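A quick write-up on the structure given underneath.
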Amino acid sequence: MTVIPSDPLFGDQWYLHNTGQSGGTVGQDIRVLGAWPDYTGEGIRIAVIDDGVRYTHPDLSGTYDAENDHNIVTGEGDATPIADAYSHGTQVSGFSAAAANGTGLVGVAYGATFTGIRISDADGELVNAAPAFHLASDADVTNNSYGNEIFYEEPGSLDAIADTATTGRAGLGTVHVFASGNSRIQGTLSTHGPEQNSPYQITVAATDADGQIATFSSPGANVLVAAPGAGVLGVSGEDDGYDLTDGTSFSAPIVSGVAALVLQANPTLGMRDVQEILAYSAYDTGADPLTRAEILADTVGSEAALAELDEPVRAAYEAGISLALSYPWTTVENGATDWNGGGLTASHDYGFGQVDARAATRLAETWDATPNTVTNQAVVTVTSTTAVAVPDGDAAGVSQSLTVDAAMDVEFATVDVDIPHGDLGQLRIELTSPHGTTSYLIYNPDFEAYEILARQDGLLDELPDLTFFGANVTTLMSSQHYGESAAGDWTLRVTDTETGTVGTLESWSLTLYGDATTADDRYVYTDQYATLATADAGRSVLVDSDGGTDTINAAAVSGPVAIHLDGTVGAIYGAAFRVADGTEIENLYTGDGDDLLAGSALANVLVAGRGSDSLTGGAGDDILDGGSGLDTARFSGLSSSYAIGVSDSETVVDGADGRDILRNTEILAFDDGNRLSTAPVSVSEIGFDADFYLATNDDVVAAGFDSGNAYLHYLQFGGFEDRAPNALFDSGDYLAVNADVAAAGMNPLLHYHLYGHLEGRDAGAQFDGEAYLAANPDVAGAGIDPMLHYLTVGFGEGRLFQSDPLFG
């Protein structure tokens, strides 16, 4: 089922649903339509730390929390901007939480509440945001779409971020989201911003409607994910209207909205879980690298326009464009082993890819570990105090290595570096992990061009005091090594690319943040597996040699999955996959497709997601959970050789191959036929089971329907929304196979009961009506609807039925 908001401007919000309406590429969006049927951010609180919020806007007033907003300058409880011209925070807010109210547009988490924390003074200048993080302690997510001076930390801001990431959400940690910056052409990286170098936040880059990195988006090793931010439609900050706008300022609140959906899907997630889920569920847009023509088009307009600029502005643009096109990084596979059969695809432009709301919420639902918080994070620091001169104008530079012998899996790496040097623009600083992944922390920033262009664009009046870098220990961060093992030699390389100014690497330290390595491994698979495994066959075989209790989590996969834990070859979204001989995996989660889950001789936990799934535990005492959809548990042997009992919402099946506990599984399949797992109790004269319908559609219950009128919902809506009216009938499949019924606009179950079974049409893959009639001549002779007979009479008489594998 897809939720399409009725807000009239939704069709222009390509970043939510890209149909090519803006001239972009179909599908290059945040894939939120797949999340909205279940999650809207309800119950989650977002704090927008910015220049204030004009919360009277018709798309904001309904979701704004006016009781918890703040003005940190005046101490008042009102975050209204000093004037309508200070519109930034208002614009930002709409991307996260604009209401779905039939007016204007919608935010990513339109069911969330949000509040403003104003950090601008009476002159509109931003002040120290550190107190804002503590004032936002009641929020689940904070959005931070503002920038400070490069290499300058506002006193206390990093400590405040760390404190609230530790204590917020009752110890689970507040999720802080930051924009990477809009200074790509100004020659600065996102690692130049101190707050973005905190491991307790999420740095977000910007993309356009083709999935390409935005020409303004500041790259950096600390970028975790990207989101749309170029040419995006949002609320106006100056009036009650709507404007197209650009900036990572608007990518960040899109990710804040996705974080709210993730937390609604699983409120017990730790802050670090949210970081990991966003990274592991993101997708590679596959867009081409930026070109000079594209950068010119988005800055001065053309080569001719560039040539007409006066010096030194023209030279500054030329320098900035050249630097932006000279960056050496590409998308690489890092040294992790737990994502789609290998390493994560990491980029200084996109982080781990474009955020994917559907995939992220699916992972959140199935994230079964102890919450990962700051409190239980593993942290290791190693230091070098051996001073060494940086060769002047030498491309080889100087390298030092530090050895880490800790058994931990890395999430973030920070480098504290002390390099007195008179010209930072001459320096490159790189960190390379034991696995060969390189993070570029500083890359020849052209601060002269930065000053000229930033002043040209009205971003600053004077160049910041860059002596801060040379005179102080500066912290730089990378997310590029996420999932890698920490053990081994980490190498820092410092290169002075020009002659004339000399410096010394006085000391440096490396701090790694992550988890202590255990034998209990989680292997995540997403829709990208098919592409990656086709290119690299090594990804198609899962090898785990350290024992423990291990999990395959393929909940993010939107298509069909067939996974056999016993080593039989299966497939993930059409690409071959198998568990290696000798590898023992205990737990398996799958996603939205019609999946096949097969266990091994171990005691397995098999959990299917959406779709109509087939689960086989095999030997061992297993737990089989079919999730939503019409699901089948399969057993080897005659039905008479198994003892079947029902306790609460669980079905227990005892046999020679073990004792299995079944949840959310409608059908039991044996060698001699199938039966329902539990008795139908409220089947109507056409086969509608009100109790089943209400139990499997929480939103219908929430809308006020009950057993007395649930059929009306199914008749008017549910039958056309792929909702099942009973445990055997698949509404969506029936309409898909019977195009004439769909074209006539007739309710599928009603058609089957009145006409379909008489015309030899089957109810679906779960129930073969013709086979049932052939096995039960008394039913055939009476001309009775075979599915209705089984539901109302046949189950109680112990009759069996067959599935129809050829249906459709």
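FYI, residue positions are counted from 1 along the chain as it appears here.
Yeah, the Cβs are placed from backbone N, Cα and C, and that goes for glycine too.
According to TrEMBL, the feature active site, charge relay system maps to ASP50, HIS88, SER249. Positions annotated as domain 'P/Homo B' by TrEMBL: 374-518.
Known features from TrEMBL, placed on the structure.
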| residue | record | DSSP (3 states) |
| --- | --- | --- |
| ASP50 | active site, charge relay system | strand |
| HIS88 | active site, charge relay system | helix |
| SER249 | active site, charge relay system | helix |
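Across the domain 'P/Homo B' (374-518), DSSP assigns 18 helix, 69 strand, 58 coil. Close to SER249 (active site, charge relay system) in the fold, though at least 6 residues off in sequence, lie HIS88, GLN91, VAL92, SER145, TYR146, ALA179, ASN182, GLY229, each with a CB less than 8 Å from its CB. Confidence in the domain 'P/Homo B' (374-518), given as mean pLDDT, stands at 89. For ASP50 (active site, charge relay system), the number of other Cβ atoms no farther than 10 Å from its own Cβ, over all displayed protein chains, is 31.
Its own atom aside, the Cβ of HIS88 (active site, charge relay system) has 24 Cβ atoms within 10 angstroms in the protein chains shown.
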